[in-house]
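Colleague: Okay, handing you the structure first.
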Amino acid sequence: MGLLIVAPLSPLLSQFDPDNTGYISTEKFRSLLQRHGSELDPHKLEVLLALADSNSEGRICYQDFVNLMSNKRSNSFRQAILQGNRRLCSKALLEETGLSLSQRLIRHVAYETLPREIDRKWYYDSYTCCPPPWFMITITLVEVAFFLYNGVVLDRFVLQVSHPLYLKNALLYHPQLRAQAWRYLTYIFMHAGIEHLGLNVVLQLLVGVPLEMVHGAARISFVYVAGVVAGSLAVSVADMRAPVVGSSGGVYALVSAHLANIVMNWSGMKCQFKLLRMAVALICMSFEFGRAVWLRFHPSAYPPCPHPSFMAHLGGVMVGITLGVIILRNYEQRLQDQTLWWIFLSIYVIFVLFAIFWNIFAYSLLDLKLPPPP
């Protein structure tokens, strides 16, 4: 819809810029919006007015206008968002009535994830559910399918990890088989039991799906996969004798990023009962982490190999409070323009490279006695 509006306004913008400099004064731009604002979505009109208010040079770039109307992640959008809270002409999105069920759902997601009212309005106007949040739904269905399959094969659904044949699966990470690179990712499709799978599935659906609806599959899948890889590499470095299973690395990356974003934008986040819900989320995460620690040091069902490690949880948390927070704080902005993004991404890449070399050389240099392959 934005591109359809740009075309009719282009000749009008040209009238205010006869020398074709690519700029018009903010006063002329504001008068143009007042005369033709009825052709725009009211929430997008607010963003454009915010852009005019935030420009200290007294002029507006035509390309900024095009970027805004075509929903591009541009610096001009960031500028308008940062300054836009000074100008919210209409009532808050939460006060609007007569919305359909789907519109109320989109509004609910906006208030669950975005801290600024002008961000929420822009998302509400722009979201089309095309594509739907396919990544989190797909990854959840695949995890459940593999769990059910293993449950039938092992004839066990509670504490599958205690079955003597559990480690023979080709998907989980095992220190003796660390050269099989796919295991650093595919271990997420193996879970210790239904109690392990259930909590992970609930968290990644309740948190991951709304985040994907707002930030898109590319960004959320990056955080999730980065947490998964960091989790298995953290185990290979800090708990070298243990295997690892479960999607907790990815889940903890998403949940910790979301919780950190709420805390950092506490006054702006308008989700209901946020303190209580944060407490519940932290209790659930602590319970799951405590279960993983208990299981790791519980007498193994397949000695001398210990039960799966809990270090993947911590690897996911570290990804969430670094890369994850930067992504969630920069809705509709270019990540490559953020200095902290490059800093945290560099740290992550350095850690991955360090872990790769560690896996290649450290095990032999330390003369570590590993459990036999399954």
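Just so it is clear, glycine is given a Cβ too, placed from its N, Cα and C backbone atoms.
Copied straight from TrEMBL:
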type: ACT_SITE; residues: Ser248; note: active site, nucleophile
type: ACT_SITE; residues: His313; note: active site
type: DOMAIN; residues: 12-39; note: domain 'EF-hand'
type: TRANSMEM; residues: 134-154; note: transmembrane segment
type: TRANSMEM; residues: 220-238; note: transmembrane segment
type: TRANSMEM; residues: 275-297; note: transmembrane segment
type: TRANSMEM; residues: 309-328; note: transmembrane segment
type: TRANSMEM; residues: 340-366; note: transmembrane segment
Colleague: What count of other C-beta atoms do you get within 10 angstroms of the C-beta of Ser248 (active site, nucleophile), across all chains shown?
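Modeller: Excluding its own Cβ, the number within 10 Å is 33.
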Colleague: Cα-Cα separation of the residue listed as 'active site' and the residue listed as 'active site, nucleophile', in Å?
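Modeller: Given the Cα positions, the residue listed as 'active site' is 6 Å from the residue listed as 'active site, nucleophile'.
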Colleague: Across all the protein chains here, work out how many other Cβ atoms are within 10 Å of the Cβ of His313 (active site).
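Modeller: The answer is 24 other Cβ atoms.
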Colleague: Mind checking which residues of the chain, 6+ beyond the ends of the transmembrane segment (309-328), have their Cβ under 8 Å from one of its Cβ atoms?
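Modeller: For the transmembrane segment (309-328), the far contacts come to 113, 211, 215, 219-220, 222-223, 226-228, 230-235, 238-239, 242-244, 246, 248-258, 260-261, 264, 288-289, 292-293, 295-296, 335, 338, 340-341, 344-345, 347-348.
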Colleague: Using Cβ atoms and a strict cutoff of less than 8 Å, what residues sit near the transmembrane segment (134-154) while being 6 or more residues removed from its termini?
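Modeller: Residues 160, 163, 165-166, 169, 171, 188-191, 194, 197, 200-201, 204-205, 208-209, 212, 217, 220-221, 224, 247, 250 contact the transmembrane segment (134-154) from elsewhere in the chain.
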Colleague: Which residues, given as numbers and ranges, are at least 6 beyond the ends of the transmembrane segment (340-366) yet have a Cβ under 8 Å from it?
Modeller: 175, 178, 226, 229-230, 233-234, 236-237, 240, 319, 322-323, 326, 330
